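**Student:** Relevant sequence annotations retrieved from Swiss-Prot are reproduced here:
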| type | residues | note |
| --- | --- | --- |
| ACT_SITE | THR40 | active site, charge relay system |
| ACT_SITE | HIS43 | active site, charge relay system |
| BINDING | CYS38, HIS63, GLU64 | Zn(2+) 1 binding site |
| BINDING | CYS93, CYS96, CYS99, CYS107 | Zn(2+) 2 binding site |
| BINDING | ILE175, ASP195, ARG200, LEU261, GLY262, ILE263, ILE285, TYR286 | NAD(+) binding site |
Amino acid sequence: MKALVKREANKGIWLEQVPVPTPGPNEVLIKLEKTAICGTDLHIYLWDEWSQRTIEPGLTIGHEFVGRVAELGSAVTGYQIGQRVSAEGHIVCGHCRNCRGGRPHLCPNTVGIGVNVNGAFAEYMVMPASNLWPIPDQIPSELAAFFDPYGNAAHCALEFDVIGEDVLITGAGPIGIIAAGICKHIGARNVVVTDVNDFRLKLAADMGATRVVNVSKTSLKDVMADLHMEGFDVGLEMSGNSRAFNDMLDCMYHGGKIAMLGIMPRGAGCDWDKIIFKGLTVQGIYGRKMYETWYKMTQLVLSGFPLHKVLTHQLPIDDFQKGFDLMEEGKAGKVVLSWN
């Protein structure tokens with residue numbers, strides 16, 4: 001079967017022929033229909049410092065997908081051949097304190113598909129049946145293909161009460177863009193998104209952001225004054241940029257709450273006085289809550305949330321290089337690849 005493989009320890013991804021995997025007793029074989037390129041996949045493609053210490057060459061990458069059940073393991077019940085599914089890409093152990101305590105998204109033994117084990121950029125893949133998420137008929141496959149990052153956005157946006165609140169989102173990648181839309185959809189007052197990429201800031205505005213700010217051209221403090229704000233009640237840090245995080249700390253209202261998804265450089269510093277003397281709450285966000293986030297994000301789409309606005313490109317798998325080029329250049333929202 002075709003698969004996108006990190007063949008060499010260099011920049012690039014290669015379309016190769018690999019064997020079709022065989023599902024174990026509790027696993028399901030999935031025939032992939034559509035997959036989406038994630039920022040993580042771009043890191044692996046670029047072969048940056050994180051990838052070099054994390055990824056083993058020869059890996060089939062990818063973790064954002066939708067497909068149909070092609071084969072059931074001998075112990076699997078509750079699913080049918082041909083059923084359309086996505087899946088939680090974090091495979092957890094099921095027996096640690098957090099898994100047994102109802103917090104599997106915090107499992108210290110988590111294995112990520114497309115990072116630690118072979119992933120979804122292939123014609124077929126296997127997944128534990130317990131990780132599957134059935135996709136309702138009303139949701140098109142090109143949207144279901146990126147439920148994984150949509151879930152990251154939902155986890156962040158729903159971590160704190162944003163109804164009637166002023167929200168600052170630093171980083172207008174696809175997750176930040178989606179989070180901006182969720183915050184407005186559920187009743188935030190002002191949602192301000194910052195970045196230095198005008199293409200993606202426009203997507204955030206289209207998704208419903210009150211104001212978008214290119215911080216290389218405009219002062220965030222000036223925007224706050226224009227909106228008659230004393231500070232932000234909720235911050236969602238999506239950029240992984242320490243300067244953006246420190247700007248957020250500077251602009252938070254006393255008692256504000258921050259959800260952090262962006263991964264900061266090792267050794268990145270911050271002004272701890274701002275956190276302490278403003279009484280800020282800072283909450284790390286990892287993955288999606290299993291499976292509360294999946295329920296909520298599915299119902300958001302079914303209730304009219306415009307997830308489609310972040311989808312900018314759909315390409316056949318043979319044009320995968322164009323998709324990675326668009327991502328590298330920052331000239332795309334979500335890029336979906338078709339395996340049909």
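Every residue, even glycine, has its Cβ placed from backbone N, Cα and C.
Show me how these features fit into the structure around them.
**Tutor:** Of all Cβ atoms in the protein chains displayed, 23 besides its own lie within 10 Å of the Cβ of THR40 (active site, charge relay system). In the three-state DSSP scheme, THR40 (active site, charge relay system) falls into the helix class.
Counting only same-chain residues at least 6 apart in sequence, those with a Cβ under 8 Å from the Cβ of HIS43 (active site, charge relay system) are TRP50, SER51.
Its own atom aside, the Cβ of GLU64 (Zn(2+) 1 binding site) has 29 Cβ atoms within 10 angstroms in the protein chains shown.
Non-local neighbourhood of CYS99 (Zn(2+) 2 binding site): VAL92, CYS93, CYS107, each in the same chain, at least six residues away, with C-beta under 8 Å from its C-beta.
Long-range C-beta contacts of GLY262 (NAD(+) binding site), restricted to its own chain and to partners at least six residues apart, with a cutoff below 8 Å, comprise THR170, GLY171, GLU237, MET238, SER239, GLY240, ASN241, ALA244, PHE245.
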**Student:** Going by C-alpha positions, which of the binding-site residues (CYS38, ILE175, ARG200, ILE263, ILE285) is nearest CYS96 (Zn(2+) 2 binding site)?
**Tutor:** ILE285
**Student:** Helix, strand or coil: which one is CYS93 (Zn(2+) 2 binding site) in, per DSSP?
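**Tutor:** SS state of CYS93 (Zn(2+) 2 binding site) = coil.
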**Student:** Can you tell which of the binding-site residues (CYS38, CYS96, CYS107, ILE263, ILE285) has the fewest other C-beta atoms within 10 angstroms of its C-beta?
**Tutor:** ILE263
**Student:** Name the residues of the same chain, 6+ apart in sequence, whose Cβ is under 8 Å from the Cβ of LEU261 (NAD(+) binding site)?
**Tutor:** ASN152, HIS155, CYS156, ILE175, LEU236, GLU237, MET238, ILE285, TYR286
